[in-house]
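Straight from TrEMBL, the features:
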{"type": "DOMAIN", "residues": "A:356-593", "note": "domain 'ABC transporter'"}
{"type": "TRANSMEM", "residues": "A:27-49", "note": "transmembrane segment"}
{"type": "TRANSMEM", "residues": "A:56-78", "note": "transmembrane segment"}
{"type": "TRANSMEM", "residues": "A:98-119", "note": "transmembrane segment"}
{"type": "TRANSMEM", "residues": "A:131-153", "note": "transmembrane segment"}
{"type": "TRANSMEM", "residues": "A:173-193", "note": "transmembrane segment"}
{"type": "TRANSMEM", "residues": "A:226-247", "note": "transmembrane segment"}
{"type": "TRANSMEM", "residues": "A:259-286", "note": "transmembrane segment"}
{"type": "TRANSMEM", "residues": "A:298-323", "note": "transmembrane segment"}
């Protein structure tokens with residue numbers, strides 16, 4: 001391109017690095033954005049360049065919406081053009097037919113997009129994946145048909161011409177400046193979003209919904225929020241777009257455009273608003289650059305299609321993801337943070353009653369009674385073990401306790417409060433922490449971030465605290481399990497045993513009144529098991545009650561002071577460790593199972609990994 | 001009454017087309033867990049191959065058909081190698097985008113090679129159809145319905161009663177397990193793509209005499225077939241067939257008794273209703289918790 | 001993987017740089033040529049559903065270009081046409097036009113045959129302030145007070161009046177079924193036809209819209225059958241819809257006369273629908289037998305392209321011819337002067353008919369009625385509403 005402002009406008013928006021302490025980055029960013037706006041307003045642009053830049057700026061805002069919903073929260077949205085259209089039509093119809101002020105129309109469009117997004121999300125986000133894709137496609141199609149056919153209101157396929165721009169911004173370039181300024185603000189907000197509580201919750205949901213739930217994140221609400229924010233930004237982009245082109249018609253907001261938005265987001269890198277801006281810029285420019293191939297119809301779009309495939313194959317994280325990797329490699333390591341303090345685990349010593357009461361709890365899968373009227377009580381302090389042979393219903397019990405399964409019958413009380421019908425995140429808020437047999441960490445985050453999410457569980461005293469407090473808490477928890485020195489490393493860099501420790505640290509940082517551990521010794525070597533034994537004793541010494549499931553009888557008999565034994569979903573023994581381990585029924589269940597009950601171990605292999613009943 | 005019968009016949013005919021394309025969706029989805037957005041383009045390419053050989057070169061219909069089907073098998077294989085295989089270890093999103101890229105590429109390279117003119121492919125039968133009482137039965141729609149029925153029967157036999165069919169099933173259910181059992185998973189997925197491309201191709205060739213051969217023909221059908229797949233349930237072949245037929249009938253009757261311009265909306269309204277009220281589809285399995 | 005990625009990225013980088021440099025090269029090449037030719041811009045669909053129409057439009061324009069240049073060009077220089085693809089979408093049209101408009105040496109433009117695209121481009125056209133000749137037939141386009149729009153086809157108020165006049169007077173049919181697409185073209189046409197039929201004293205038994213790219217018209221045909229209409233008037237946008245409708249109409253035994261908008265007699269429709277359209281009437285802005293000018297254009301067009309001429313090529317032929325004429329008459333490339341010269345055109349015999357521009361910028365005021373006689377388009381009569 002011949003005009004200079006284009007590259008500047010494209011690069012200026014995302015270029016600032018994340019500020020940690022002083023907002024130096026943000027100040028530089030603000031200065032660069034102001035420069036870009038100034039250049040856009042003052043440099044004479046021809047109509048073509050102005051149109052391209054206007055399109056790029058407004059599209060980029062909508063694509064950043066996809067960064068939130070898809071990049072941060074991992075939910076697909078193939079109706080971004082529909083929300084874009086809602087914003088655009090609100091401005092178009094409002095200013096032209098109703099003669100309402102531009103800003104009021106824009107606000108109405110934002111509200112409409114937000115409400116539609118929240119509604120669509122609320123009605124379908126329990127499904128996820130391809131189903132969400134289909135619902136959004138349907139919404140997109142229906143909206144297009146309404147725009148085309150509801151002629152008295154929408155003007156039908158003619159579209160809405162002569163849309164008013166707001167006073168002060170009637171000049172094309174001044175208006176472009178406005179669009180760039182809005183884009184800069186939106187990009188700045190979304191850039192910082194991953195490190196806010198909401199952003200962390202979204203990333204946690206994206207990485208691992210189950211783990212997010214049990215660490216206290218309301219998965220469903222987080223998803224709906226992300227979806228609504230995505231729709232809101234699309235509406236904002238659309239409203240500005242309508243003012244920019246002063247003409248809107250239904251085919252500008254059709255399904256094909258949603259695909260274009262999605263491709264822009266993935267091409268540039270869905271994880272960051274910088275990627276959104278890059279992707280938008282490129283996908284608007286590439287077809288324009290390739291116009292010189294127009295002699296053969298279709299050729300340039302064919303090349304464009306091919307380019308999309310190549311980029312997806314060779315740049316999996318998008319262009320920004322690729323560039324980001326290079327930058328990270330060059331960036332110097334951060335200086336070591338101050339030494340972590342001691343991990344404080346405060347228990348409400350006042351209530352002397354049992355921590356957990358389980359009454360006649362049952363969980364049936366079809367005709368299979370995985371858990372059958374099991375009752376037991378976990379008293380405050382100390383370590384309670386739930387044991388039993390394979391398929392005895394231990395993990396199912398744990399999943400019912402943490403709310404991942406709904407019980408068929410029975411009652412569960414935590415600290416005297418009935419939690420039988422609460423969803424996982426509400427149980428976490430009530431003071432229940434847990435770990436998983438097959439480790440469930442948030443893969444894209446550092447060890448520290450994982451534990452920060454644990455620390456800010458609702459109900460914890462740190463929930464809503466500032467970043468420094470949360471990080472200090474998380475460091476303390478990591479120090480407690482001996483991993484403080486590696487806090488900044490991504491979790492994928494840790495060994496299996498250490499990942500398990502991070503999971504425990506994540507639960508401990510939330511200061512739970514009861515900690516559920518699902519086979520914590522599985523897959524650990526002897527020395528790691530020894531360390532684990534010590535760790536569990538130290539946790540118990542801090543006053544946290546532990547309910548542990550494990551096969552490893554050495555570990556269990558070493559640490560547990562109370563044992564409940566399950567077999568075939570029923571409780572067969574309960575009592576003080578030494579006594580229970582001597583009971584004949586227990587010995588038979590463990591040692592004599594082959595002779596006593598042929599094929600018992602094979603009865604239902606599915607139960608071993610309870611979370612995958614299919 | 002004759003009105004209802006006429007609409008029913010048309011609905012089933014259109015529905016059979018959706019079902020045929022939906023079948024291709026389901027097969028690829030079961031094998032790879034991704035939705036192939038270029039499925040409609042398979043139909044379009046096959047129809048153009050027929051135009052090249054049967055109309056332009058005036059080769060015999062059956063020979064052109066065999067060439068077109070062979071071409072589709074090759075395209076399916078190339079599609080797998082170029083669009084799916086490099087991304088097989090990634091999540092479903094990049095694969096979706098990659099298939100979207102492929103769809104743009106196929107549509108526009110056909111345009112570049114063949115030009116924008118819509119083409120006519122004459123029907124297999126000379127006669128346009130029969131009047132049975134007051135109801136006109138279009139011979140091409142009869143053929144479409146028959147071929148769909150035969151293909152469904154074949155598919156059932158193939159998956160349930162042949163070793164290779166069972167290996168394909170095993171692959172679609174659990175790739176790791178299948179690999180441990182010595183099933184060549186990559187080969188099975190290749191076979192799935194080849195077969196899906198052929199299915200899409202047959203659908204395209206069958207509808208060409210009814211809807212004409214144009215660059216856009218694939219996209220329109222694919223979107224509806226998509227909806228049919230959801231209504232039927234993504235995991236299920238029978239579901240795709242019933243979903244396709246149901247969609248065809250709903251659309252036709254909706255257009256006749258409610259509104260013609262909103263015809264395309266019925267498909268999607270029904271779809272949303274299904275997703276909200278019965279997300280597992282008509283016949284599909286429960287959505288398992290996946291994390 | 002490492003090396004392939006590096007190779008790919010290298011390639012991508014050079015492609016990007018090449019892309020940046022590309023348009024610049026083209027532009028400088030253009031700048032050099034600017035002095036030696038008079039250039040006009042043309043927005044046309046090269047890709048998308050309208051690509052077909054775009055090809056015909058370009059054929060017509062090129063034919064006119066040859067004739068103009070053979071006759072000495074414009075202002076003593078050869079005329080040149082610069083094209084941009086509008087992707088058959090509205091945003092595409094806006095970008096294509098603004099790209100052309102940014103080249104300051106272009107003295108006039110050819111717009112789109114699709115009304116909705118002209119609507120989309122209208123704000124930019126007003127800003128650019130140079131004459132744009134277009135082919136869209138929505139009457140509103142020339143009534144919005146945009147002084148730079150010049151229509152080279154008769155607008156839909158005329159086509160509707162001709163359809164109504166022919167059906168009611170010549171065919172003596174009073175009970176009408178109106179079938180139209182729900183896009184800008186179809187709805188405005190149907191509205192005008194409803195008005196014209198009301199004035200002619202006919203009744204409307206059915207007014208049925210459909211969305212473009214429908215795959216099935218059975219419900220529409222059955223509705224026609226049930227309405228008891230004895231004549232059909234239609235506004236179809238895309239030929240494949242027309243083809244499917246025509247075939248199903250015949251299959252389901254509807255044989256009443258059918259008078260359609262111009263698309264019913266264009267080349268693609270005839271090819272797609274074949275015998276299903278035999279015996280139908282169409283209003284055609286272009287009919288080969290309607291005048292000597294039309295015959296001459298037809299002959300030249302066939303000689304150049306080996307295909308039959310139709311309105312998609314004839315209007316661009318006329319537009320380029322008349323635009324060149326107006327520039328020569330104005331004696332300069334000043335937009336206002338060209339505009340006045342265009343408005344002053346009277347009695348120009350074009351392929352589409354006789355051009356008499358009114359103050360709104362409408363050049364034509366009548367239509368030909370033609371009949372599809374076993375696949376041959378036969379001229380029936382011309383109905384013209386121009387009054388001095």
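Note: Cβ is positioned from N, Cα and C throughout, glycine not excepted.
Whatever TrEMBL says is automated annotation, not expert-curated.
Here the transmembrane segment (A:226-247) does not lie next to the transmembrane segment (A:131-153) in space: the count of CB pairs under 8 Å, restricted to residues six or more apart, is fewer than 3.
Cβ atoms under 8 Å from those of the transmembrane segment (A:298-323) belong to residues 14, 263, 265-272, 274-275, 278-279, 282, 286-287, 290-291 of the same chain, restricted to positions at least 6 beyond its ends.
Taking Cβ pairs closer than 8 Å, the transmembrane segment (A:259-286) reaches residues 1, 6, 10, 13-15, 52, 55-56, 59-60, 62-64, 66-67, 70-72, 76-78, 80-81, 84, 183, 186-187, 190-191, 234, 304, 307-308, 311-312, 317-322, 324 in its own chain, all 6 or more past its ends.
Tallying C-beta pairs under 8 angstroms between the transmembrane segment (A:173-193) and each of A:27-49, A:56-78, A:98-119, A:131-153 places A:27-49 first.
Of the candidate ranges A:27-49, A:56-78, A:98-119, A:56-78 contributes the most Cβ pairs within a distance under 8 Å of the transmembrane segment (A:131-153). Mean predicted confidence for the domain 'ABC transporter' (A:356-593): the pLDDT average there is 87.
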